[in-house]
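Features as listed in TrEMBL:
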type: COMPBIAS; residues: 465-476; note: compositional bias 'Acidic residues'
type: DOMAIN; residues: 25-133; note: domain 'PH'
type: DOMAIN; residues: 143-178; note: domain 'EF-hand'
type: DOMAIN; residues: 179-214; note: domain 'EF-hand'
type: DOMAIN; residues: 496-612; note: domain 'PI-PLC Y-box'
type: DOMAIN; residues: 612-741; note: domain 'C2'
type: REGION; residues: 458-484; note: region 'Disordered'
Amino acid sequence: MSLTLVINEKDAPYSVGLQLDDNLQLMQAGSMMRKVKSRSWKKQRYFKLQEDCMTIWYKSKKTGNTKSTFSISDIETVRDGHQSEVLQSIADEFPSELCFTIVFHGRRGNLDLVANTPEEAQCWIQGLDRLIETVKNMDQKELLDQWIWDWFKKADKNKDGRMNFKEVQDLLKMMNVDMNEHHAYRLFQMADKSESGTLEGDEFVLFYKALTQRDEVLKIFQDFSKDGKKLTLLEFVDFLRQEQLETENTEEFAMDLIARYEPSETAKKLHALSIDGFLIYLLSPEGSIFDVSHILLYQDMSQPLCHYFISSSHNTYLMEDQLRGQSSVEGYIRALKRGCRCVEVDTWDGPNGEPIVYHGHTFTSKILFRDVVSAINKYAFRVSEFPVILSLENHCSVEQQDTMAQHLKSILGDKLVTSTLDGRIPVRLPSPEELRGKILLKGKKIGRLEDCLEEQPEDSYIGDVSEEEDSGGIEEENSRNEDKRIPKAERLSQALSDCIIYCKSVQFESFKHSRTNYKLYEMSSFTEYKARKLVREPGNEFVRHNACQLTRIYPTGLRTDSSNYNPQEMWNVGCQMVALNFQTAGVEMDLNDGLFQQNARCGYVVKPAFMRSVETNFNPDQPQDTEGYSPVTLTIQVISAQQLPKVENSKEGSIVDPLVRVEIFGVPIDQARQETKYIENNGFNPMWHETLQFRINVPDLALVRFVVEDYDKTTRNDFVGQYTLPFKSIKSGYRHIQLLSKDGMKIPPASLFVFIRIAEIASLVQGTEV
């Protein structure tokens, strides 16, 4: 590829098209600010934006030698004012206009800062916002440029803007490249055009180009290029039709791709694509395995709520485990910004008449209910306009329940649904479209909704107002050992009850009972243990139940480490709110993120048509009996990987031995996994050219997970990266897969390069592909 990387640090910002403004200039001059960890821990730190405009450097005022840095790409967002618990704790000491919080991706803790003046705080807030936006909008070429620049800075130990051969050797080890010294020196000499014994500027770019030449991409390019130097418009159209199966308006699509991704103006004028442009296209969203049209809101949002899978969180307030972990409004903010649409609020009586949120009868910290509601009000619709459901796990006295109702109404205002949308008894649940911008409460209710609409509610409700079967960490299967401190009968506040409209929680007795007695606005919650027993009952009663009633599933109370269960088996029977511990990374959250990355990440995914009718004959254990049964074959050629990251906590100088595993999650008959052989000592550009094949019986429910691991013959393989997506979002042809970290964060430019084919099994004899 042709790269425009400028190695001179002062020129680096312009390599990503960034012009310095007053904020960035002041940030580069540096600021002394307070770093705050608690009310009693406030330290002066000197913060400075490096001249590359992509790195923040800071050091202690006293120990001038202690320096730390972080990259702009590490930052998720910047929040002004007292928006963190830490800054709220010092609100009486420092006004909000001096305070701001830097929130990092993944599990890294926030950085809370106090500036000296409001102007200084705004300078950093606005400057960081601009830099974050710049990184978000970088195309693949700019991301690659930035990645090379970051490596150059790491390897240039003496910071002279040049790299000698020893520094190059160290760089290769850092980049997961196992190369003998003779070959490395040959590449070094080839790039050292000035014969100075060092590489600088364009020489380093030349060295990198030689190092990263993609022979497998060049071969594909030359297969379609008559002269081997460029793809004419017609040649590119042939490639798009034959290999990528792009059949709609292909010529117009090809011209658009050339206009966007071809770096050579000369080639653009000829409507041609160079090898550089071809690679940039393959690395672009249009060259991704994920169907670019599914990034948008593409599904019907006018179905009743029970016809959708809804992204749902359990113990949303927890940041860690359920015994001693921190409770924080940050848990709600992070979940909502990930597209979560159902959050849990576990309320208990607090001091001074104010309800608190925490995991009852444990040592987890406590937060005010009103602060939780305020955070939800602020962040509920930042990512998605569709409704948020607050699942109340209510342990409060009637008096504090009244306070809860007051806070909900005063803080949420018109967003809170306190009556049916048209004032009438509903004949079906409203749709996400009808509930745009609205917040629903889920919990116990006094009497029937019909009574409420007729303004004839019962005087009170006596019973267990807490819904979850393992309240306070008690699991249903150990119910005979229940904590005697939990009162068995509690009264429900009329004011709070009146806020429950479309999600009234009721005790589940049986599918037959629910068919006869349930109202459409009534729903039940099950532990994973109880749900699994219902899943295993013969027939498809659970699927039919979920076609007309909402269901919430949550982890067993024995998961004190906040681990998760496999959500797929619950989706297989149509459960809508399959609640997971969002704070715990792993395969289960990969599946959740994979399912909900489609449809504009709005948190709602419409269920397949065969799961939306109460008369359905779909049974996940016998999918072949379903009307319209149409199995397919998925063929994946794993070709290569690029720039894989090193394994966390690996030994210095160690290089990964990568293998690729493809896992299918879906109905029981579709569960499968296959893997490639491992490649020894090559995390930089390993090549496999191995073909894996799977039969998918229910494509509408299948998720495909690509995992890269570092092979170890004596211990468990180490995780390197993964990517999960719905089967129905897979694009055919030559595709790149951008790998994600354990926390679901992008790790550019790490990727897999694959070739995909999907064929209807009934049509294989004719060779028909879909």
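Cβ coordinates come from backbone N, Cα and C, glycine included.
Where the annotation comes from TrEMBL, it is an automatic prediction and has not been curated.
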In the predicted model, what is the mean pLDDT computed over the domain 'C2' (612-741)? 94
By DSSP, what is the split of the domain 'EF-hand' (143-178) into helix, strand and coil residues? 23 helix, 2 strand, 11 coil
Counts by DSSP class (helix H/G/I, strand E/B, coil) across the domain 'PI-PLC Y-box' (496-612): 43 helix, 20 strand, 54 coil
How does the domain 'EF-hand' (179-214) divide up by DSSP, counting helix, then strand, then coil residues? 21 helix, 2 strand, 13 coil
